[in-house]
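All remarks here apply to the structure that follows.
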Amino acid sequence: MASVVAQCHYIFGLRTGVINNICYFDEQTVIFPCGNNCVRYNIDQRWQRFIPGTEKSQGMQALAISANRRYLAVSERGEKGTITVYDLQHEQSRKRKVLSGGEVPVLEFVSMAFSPDSKYLIGQAGAPDWTLFYWMWEKQKVMASVKTTGSTNPINQVSFNPQDNTQICVSGNGVFKLFRYAEGALKQSNFLKLESQNFLSHTWMSEERVIAGTETGRLLVFESGDLRWEMSVTTKPATQEADRQLERRKPEEVKSEGAAPSRMPRITAITSYSKGFACSAGPGTVCLFEKTEEKDNYRKTREIRVMWWSHSFEVCVCVCVCVCVCVCPGYIRSRLGPNAPFLYFVILSYLLSFLPSFLPIQRNIVESLRLTQFLCVVHQGEQAHFEFLSHSFHSNIITGLSICIRKPLIATCSLDHSVRIWNFETNVLELHKEFQEEAFSVALHPSGLFILVGFSDKLRLMNLLIDDVRTFKEFTVRGCRECVFSHGGHMFAAVNGNLIHIYSSTTFDNLLNLKGHNGKVRAIVWSTDDSRLVSCGMDGAVYEWNTLNSKRESESVLKSCSYTGVTISPDAKTIFAVGTDCTLKEIQDCQILREVAADDVAYTTIAMSRSGRVLFAGTSIGTVRAIKYPLSTQKDWIEYQAHSGAVTKMVITFDDQYLLTVSEDCCLLIWKIIDKEGRGLKRDKDITYAEEILITKSDLEEKNQIMMELKTRVEELKMENEYQLRLKDMNYNEKIKDLSEKFVQEIESLKTKNQVLKTEKEKQEMSHLEVTREVVEKHSREQQDFESTSNQKLMLEYEKYQELQLKSQLMQEGYERQLQAMEDSKGRALEELTLFYEAKLQEKMLMLGQVREGYRVGTGGAHPLVRGQAPGEDAHAGPSQTVIKDTTLEKRKLLAWNSCSITFTLSCCFSSLQKDIDDRNVEIEKLRVEQQKLRGVIKSLEKDILGLKKRSKERDETIQDKEKRIYDLKKKNQELEKFKFVLDYKIKELKKQIEPRENDIKEMKEQIQEMEGELDQVHKRNTQLELNITELKLKLKATDKEMHKETQRVREAGGRLSALHENG
């Protein structure tokens, strides 16, 4: 890699094909595209910070800044269109996210907008699909997408509802649609047929209202997606002015624009503010509209005219949310008066910036409304005057670039008919001159005092004056595409087609004509000693010429390549050339030593540092490459994203500190050449730049005349000022007298006031003492009464507390005894019942056993008879047997009856026993309930005891509070005493202060009397001096008369004496 690198230092230029190409970051900083970069430009300090574009980008298409001014979205065209979001709060504007259409093929995004909370971003893709994407950009997630229009109706602008992240407005040629994001999709919410309208811009006025501007100068107001109101911004004066401007322009320019002159202004930009909106209304016009009292209606309140240049342009309105508007009204109120509607004008003057854009022939000058000037326009109704926010830039392809040795100047020329002189140390535009023809080439003399400019008809040598560029010699070189001064400045070379002319810079003679190229010469360069000249052309030839005898020293011809750039090494032994074959050639002794491929990118120009360490090459895609020397066959270079168009010219300054590049994108880029450690390259010797300038004799005489006039004017002003000072002194003396009298009166009045205040103070002191005495006595009485009452209350409460405590103890003991007795009686009753019922149970068990035994005995004798009888014996039995059977049956029945009666009695006994058990259980439950009640009573008594304790504590606390209050009252009493002491001390201090002031007043009076005495003496002296002067003047006149008489006598005596001599 190259050991020398280039760092972007400063940019002059502005890209006009970018939508929303100027954004405010804060009050002092604007962001605009230039080349393949976005520039952060500080208006006050004039520094620049750069946001470079992405690699392999084909140019920026649109910008968008978030509502919180933190994020910047940049749309770039390429094989796949992308949107890059940058964090502006980061010092280097760190790249946050890169968004794309995903699987949908998108070449470019023509418009973008951030949501009000800056979390979402919408991007409108270009032709042929015209798809609208809705991103959650921080997660790079496409929330929804929808096709907004057909292939024949382009979209011009998309925007968010300022109060709703889900509502989007899309406008374009025959398109005005509102979309709402719901359920993961963008759904259209209005359906209007507006195919005849081409909407160029729109803005949200409220949550439901949108105002759109059309190509024909119509303003349409939409409410909830329906058309409510329509009007035109066209006025008769504006139409007449546009007609006059069209008449001024050349017919060729009108034809080149390919459109008939139109009376209707194009509303290319529109923005809202608190009372209405502002919109562009054709070339150089901005209209302000205010909302009227009628519903959904606006009226035009102001039409602001912007200054005209030689070419027309349109206005682009840019909104700056200025946080300092709230502090401005005081400033404006002082300018306009208390009744002026200051807030409305302050917001406009700070929020609007004007930018020429969107016409092929224009001036890319960023204009800013200055506060006082705009207010002057609104207040007086006169035409506005504007100051440059930055320098004016080239608006067409820059064709020429040159530098000088003695001054830090850069000269550029462009197809926009202008030549500009820049200063690369101060980064300012020194001179600017426009011509009638296109300028093809430019060359600065090494002294920095002269410039060569090649036009289509002539080559002109001009003087760089202090404020102008003036021609003083013309050469008949038509269509000069290249011209270069020699390093010594004594010669210059100019190209005319395939012929190179060499002229003398002093005699302007044509010294040599170098013939040999068969095609147009594209580049020429002088050697360090000016003995040789190297040229290359479209015929594939590179020639080295001897500038003394016009012979070719060496040549290299390669007809397959059309050369576009050439340079020579500092030792003049090696030539480097680039051309259309996408290679860099190193030529030495008529041989191509090396060829370095450029990866299918054509080099357009090349430059070598004076140290010979590095080569810089510009490409057809706008990039700049730093190539290490000696060359290698590998890719040993560093590539920088510089311009959005092909690099046309490249120059390195003579101290190897800066690299200068210009391009077809109308931008001049200054690079700082440094090593990899960030240090600048070492200079062989320090270069001191000259400060001399040229000025013509007529200009100098004119300036001298102006200076003389100004001097005389200064003398007159001095005399007038002295006279005015004398008058003011007299007035001031009179005022001093008046003031002194006034002050004396005031002093007397103050003395009387002071005496009155003293008496009042004494009265207040007496009353204060009486009041404090009464307060102290009252406080002591209240304190004693309160202490006695509180002590009595305390004793009573303590006695009550003791009684209650005894009662609670007695009650607790009684309840405990009752509980113990109840538990004992309950235990005894339970034992008696268990013994009683156990005895009864034993008796019943004995009776049951007896019954069972009797039953067993009663039935036991019958069984054998029954068992012993056979089934067939019944028929043979006799009467005796039947009798026996009857008796046994009766016995059985009797036994059964007895057993039934016994079981019945047993069951009755059991039920009665069960009932007794239940009754006992009920009694036990009742006893338990009573026990619980007693426990509840005990708890309530305990609560009463706690409440009494709490009350006693509260009373203790109240007693403590009363004691604290007593202490606070004592403390206040002490403070009052201290305050009394402080007042006494202040009264003493005031007395002490009054005395020296009275002394000062006396001294001032004495001084005034002394000054009056001195003033009277001065007046007396002046009168005496005036009398002396008059006497001396009279004496002088008398002596003059006597002297004249004496001279006359001397003459007469001399005449007589001479007569005597003649007679004698």
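Every residue, even glycine, has its Cβ placed from backbone N, Cα and C.
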Correct range for region 'Disordered' (source TrEMBL, candidates 235-261, 748-774, 991-1017): 235-261
Of 940-964, 1040-1064, the range TrEMBL labels region 'Disordered': 1040-1064
Average model confidence [pLDDT] within the domain 'EML-like second beta-propeller' (399-673): 91
Three-state composition of the repeat 'WD' (391-426), taking helix and strand from DSSP: 0 helix, 19 strand, 17 coil
Residues of the repeat 'WD' (640-673) by DSSP state, where helix covers H, G and I: 0 helix, 20 strand, 14 coil
